[in-house]
Amino acid sequence: MIAVYPGSFDPITLGHLDIIERGCNLFGSVIVAVARNPNKAPLFSVQQRIQQIQTCTQHLANLELDTFDTLTVTYTQKRQAQVLLRGLRALSDFEYELQMAHTNHSLSPHIETVFLATSNEYSFLSSSLVKEIAKFGGSVAHLVPENVAIELEECFTKTPPSVSIPPPTAPSTPTD
């Protein structure tokens, strides 16, 4: 059985990697499909994201990497996959993902969505959070694969965030 795990993976986190590894244990083949979204300005190019994922998933023999720029369900049909694999971190994820699963099912009834609950240690983790921490010089080594942590550090040491700090004001003196 073929499963597609779609996402932007900008960048891949240990939470994503957890879902990928567990998916590879459940399905005969897992395709990690990196989305090309023209409406978003990603930190890393699609090629960089593919390379990041490839580097940290070399140990998974039944994994394939690909890109797509269509509806997820259309891509899944094209790849003749039977399953859309999704990770759930919190109840808020479930509400959105359930809506998407129903929509995808209405478009392609033979494709099932399988939800995997994220492992507890990654339940708070998102790519946006990782980028925010890295942007302000915090360590993300415990949140992303080692190769990604290095790339994030390189990215943000080249272009540190601009923070505008107002100049100090002179203390006011009381007038009589």
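Indices start at 1 and increase along the chain as displayed.
Glycine is no exception: its Cβ is also placed from the backbone N, Cα and C atoms.
Site annotation (Swiss-Prot): ATP is bound by SER8, PHE9, GLY87, LEU88, ARG89, GLU97, TYR122, SER123, PHE124, LEU125, SER126, SER127, SER128, and the candidate from HIS16, HIS105 recorded at this site is HIS16. Recorded residues SER123 (ATP binding site) and LYS40 (substrate binding site) have their alpha carbons 24 Å apart, per Cα-Cα distance. The secondary structure of SER123 (ATP binding site), as reduced to three states from DSSP, is coil rather than helix or strand. In the shown protein chains, 22 other C-beta atoms lie within 10 A of the C-beta of THR72 (substrate binding site).
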